[in-house]
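Visitor: Can you read through this structure? Questions will come right after.
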Amino acid sequence: MAIKDLTATTGDSSLPLIKSPPSETTGGDRTSALQTLGNIIVSIVGTGVLGLPYAFRIAGWLAGSLGVIIVGFATYYCMLLLIQCRDKLESEEGEEESKTYGDLGFKCMGTKGRYLTEFLIFTAQCGGSVAYLVFIGRNLSSIFSSYGLSMVSFILILVPIEVGLSWITSLSALSPFSIFADICNIIAMCFVVKENVEMVIEGDFSFSDRTAISSTIGGLPFAGGVAVFCFEGFAMTLALESSMREREAFPKLLAKVLAGITFVYVLFGFCGYMAYGDQTKDIITLNLPNNWSAIAVQIGLCVGLTFTFPIMVHPLNEIIEQKLKRIDWLQKHHNGYSNETGSVSKFAIFTTRTLLVVGLAAIASLVPGFGTFASLVGSTLCALISFVLPASYHLTLLGPSLNVWNKSIDVFIVICGLIFAVYGTYNTIVGV
């Protein structure tokens, strides 16, 4: 959950985190290849990419580049595993309605499997939401450093704003801000690349001063965690594939998009580290020069993300409110209220949404650094969602029909994913 918006739009409709994607029969709502391409990019690429140069600083430019490439390829492979699992499940049960990630967990491990899958996705989405707040707080505290306000101060200032925005039930009014934030994100990346080019032209740069492979072994899993965090978008894989008009073309389209994203990630991480070397900060925008154009980009990012935050937490609200509908006490005392959330009262909705924002803000205020937090989420939640679960489900559902080579790959991915999750978590907690 990079900083990632794990909702993708198809026309005016939203494809939420765990909610079932469009049915096979609703062909009129399907997306074109171009629309699907855009949805894939929105689902994967977020402001987490602005932490990649710092990961390259920790691991070294060569190790960082290879790590991003490996993660990009593994992401593509495991996304295809998910699709194969879903297709197998649909063919066995003969149902036209597309299955979700949680359905795969239920088929493989029963109710516990569904709860595990949805819990990991829910927690990862919380992690991405916390990262939004940390990113905004760090940038604003840097811009207004002369006022003596810390990151925590700005996060507290954001709380009432985000609470009010979270009460908006329709997200259509906020969707332009998501696009605005993405534009600012791209501009910030261009600024960093421009800085690097200018430093090379002016001679204020020495390639030999940049580390290729870190001598500290802990730097490699740290950078790997950040890379996994930047690629995480598995919660949307099945929904995006199901929503495409020509579903058979999805794997090829996904390969092209992920290849392009991987190239941009490597280029940006490399250029960012080359530009600032050991001075590279965990959010690269903090390295930008203190001029009006750089400050405008930072403020633009913060404004865009402030209004995008409700979109980020929307799937969380949906999950919580779906659970509330099953509580007998609420159904008994608020059965007079009926809308899209059923018998859940407005008071319950506003209360839970307020508590969610306050809780996420409290966690964000305790985060020691953006890079450390991104690596922690990537090493734990995202690694399990992206690699361990898809390979495990693939082995369970299609195991009898797989050859020895494919089974070996699945087992290898599961083992490597678990080792990476355990060691990466330990390494991030104790510090690089």
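Note that Cβ sites are derived from N, Cα and C of the backbone, with glycine treated the same way.
What Swiss-Prot lists as region 'Disordered' is 1-30. Taken from Swiss-Prot, the feature topological domain 'Cytoplasmic' applies to 1-35, 84-115, 169-172, 241-256, 314-353, 401-410. The transmembrane segment feature in Swiss-Prot is assigned to 36-56, 63-83, 116-136, 148-168, 173-193, 220-240, 257-277, 293-313, 354-374, 380-400, 411-431; the stated evidence is sequence analysis. The feature topological domain 'Lumenal' is assigned by Swiss-Prot to 57-62, 137-147, 194-219, 278-292, 375-379.
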Visitor: Taking contact to mean 3 or more CB pairs closer than 8 A (sequence separation of 6 or more), are the transmembrane segment (63-83) and the transmembrane segment (36-56) in contact?
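Guide: The transmembrane segment (36-56) and the transmembrane segment (63-83): touching, yes.
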Visitor: Any chance you could find the range in 36-56, 173-193, 220-240 with the most Cβ pairs under 8 Å to the transmembrane segment (257-277)?
Guide: 36-56
Visitor: Could you give the residue numbers and ranges of same-chain residues that sit at least 6 residues beyond the transmembrane segment (293-313) on either side and whose C-beta is under 8 angstroms from one of its C-beta atoms?
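Guide: Same-chain contacts beyond the ends: 3, 5-7, 47, 125, 128-129, 132-133, 135-136, 139-140, 142-143, 158, 161-162, 165-166, 168, 171, 174-175, 177-178, 180-185, 187-188, 191, 285, 353, 356-357, 360.
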Visitor: Does the chain bring the transmembrane segment (148-168) near the transmembrane segment (220-240), so that three or more CB pairs sit under 8 Å (pairs 6 or more apart in sequence)?
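Guide: These two stretches do not touch.
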Visitor: Honestly, do the transmembrane segment (220-240) and the transmembrane segment (173-193) touch, with at least three Cβ pairs under 8 Å and pairs 6 or more apart in sequence?
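Guide: Contact criterion not met.
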Visitor: For the topological domain 'Lumenal' (194-219), what's the model's average pLDDT?
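Guide: In the predicted model, the topological domain 'Lumenal' (194-219) has a mean pLDDT of 77.
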Visitor: Let me check one thing: do the transmembrane segment (116-136) and the transmembrane segment (411-431) come into contact, meaning three or more Cβ pairs under 8 Å with sequence separation of at least 6?
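Guide: As far as Cβ distances go (cut-off 8 Å, pairs 6 or more apart), the transmembrane segment (116-136) and the transmembrane segment (411-431) do not touch.
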Visitor: In the same chain, who gets a Cβ under 8 Å from the transmembrane segment (36-56) while lying at least 6 residues past its ends?
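Guide: That would be 2-10, 15, 64-65, 67-68, 128, 131-132, 135, 178, 181-182, 185, 188-189, 192, 222-223, 226-227, 229-233, 236, 240, 243-244, 250, 253-254, 257-258, 261, 264-265, 268-273, 275-276, 280-285, 301, 305, 370-371, 374-375.
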Visitor: Excluding the flanking five residues on each side, which residues at least 6 beyond the ends of the topological domain 'Cytoplasmic' (401-410) place their CB within less than 8 Å of a CB in that stretch?
Guide: 81, 391-392, 394-395
Visitor: For the transmembrane segment (380-400), name the stretch out of 173-193, 354-374, 411-431 with the most CB-CB pairs under 8 Å.
Guide: 411-431
Visitor: Determine how many residues of the topological domain 'Lumenal' (278-292) DSSP places in helix, in strand and in coil.
Guide: 7 helix, 0 strand, 8 coil
